[in-house]
Ligand code: GKR
Ligand code: MG
């Protein structure tokens, strides 16, 4: 590699509600560009909060002269980057929605963007799409589910924000209307509702309303671990006939295992199995039936394939969840998902919520699917003007938005708000 460019950006985000609070008007992401000695550039994207930037900079410094094809070497270099102990809790981080926070996981979340950027550059150099570098696609399009959120009409008055055209969704009728908009705009046929926002009865009613409006369509509910075991079991019983799966109803492997023992509804997770080290206990206890990869914190596309192979071995399903992200990450998700043989659940994506991007052309959902790009690399092109614009927003920020904090955003409206203790219900 001749050089690496790191560009933190702030991306507009609508006021989406979750159990911790509400999305801030702008979310940090990090765009990684690696440049080869031949002048080929590859791009990657990951979380952009300060704790990730702190690791990305020293890793970038070590990469001059490194081959983009040497991905194992890239991970070895990442292992050498020291992690500030104050950044990690070593346990399920109630302030985050991404499971246990460990030094390795932080490193993996960062190196994943470099891995994707290297694969993009390598693919461009060889004239091959990223999926071909991963062994080849087994499908031509990847199915995504609509990601429904309770949301306010707009960010609080007086808060600088972009306006979105989705309207409010704060009850079952609002959620059904939002789902209809998703199907009209993107053709999605399966639906995930972010729960843990209102008391379970209200969210049960929303799922029932969706089941009535879209009979037979796959439905999921994800309260991000906000419920106790008895509440989770009750919701599973009440919605058992309409749910494809229940996602992280309760927090942690033991609680999930207890829920699993009491219900036939499959349990999915992107919170209790987030590292390879967490797999043995969860699978032995039968705590989860579907693992949702996040290729950022699992450490990239090849690790996602390894996760899929382990899941297949143990008869556990695999799919992908998402967080606020841009088109580079969607392209990366699509390439790797296209290579996973047993992908029986639509992946979810926040992408429709992001009206802004750093690409010259946005990726398109057609019939709820993204066509797998066959152009060299990821098949996307960075728009340098847009990148500069979103980076300028990051530079101009006084530091308040550079670290995602949904509870802080909620305090603008409810000054007493603190991240709710778990279980909340
Ligand atoms: O963006 O509010 C959100 C989501 O809750 C996200 O942060 C989660 O990581 O979507 C994710 C999930 O499936 O838990
Ligand atoms: Mg989830």
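FYI, residue positions are counted from 1 along the chain as it appears here.
Using the three backbone atoms N, Cα and C, a Cβ is placed for every residue, glycine included.
Just so you know, TrEMBL annotations never went through curation; they're auto-generated.
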Further binder of substrate named by TrEMBL next to 23, 102, 147, 192, 222, 223, 224, 270, 321, 322, 323, 350, taken from the candidates 404, 411: 404
Mapped DSSP class for residue 194 (active site, proton acceptor), helix or strand or coil: strand
Residue with minimal Cβ packing [other Cβ atoms within 10 Å] among the binding-site residues 224, 323: 323
Number of other Cβ atoms within 10 Å of the Cβ of residue 222 (substrate binding site) across all protein chains: 27
Under 8 Å by Cβ from residue 194 (active site, proton acceptor), counting only residues of that chain that are 6 or more apart: 16, 17, 18, 147, 148, 149, 150, 222, 224
Spatial separation of residue 321 (active site, proton acceptor) from residue 404 (substrate binding site) - C-alpha basis, Å: 18
Site extent for substrate, whole Å (max Cα pair distance, 23, 102, 147, 192, 222, 223, 224, 270, 321, 322, 323, 350, 404): 28
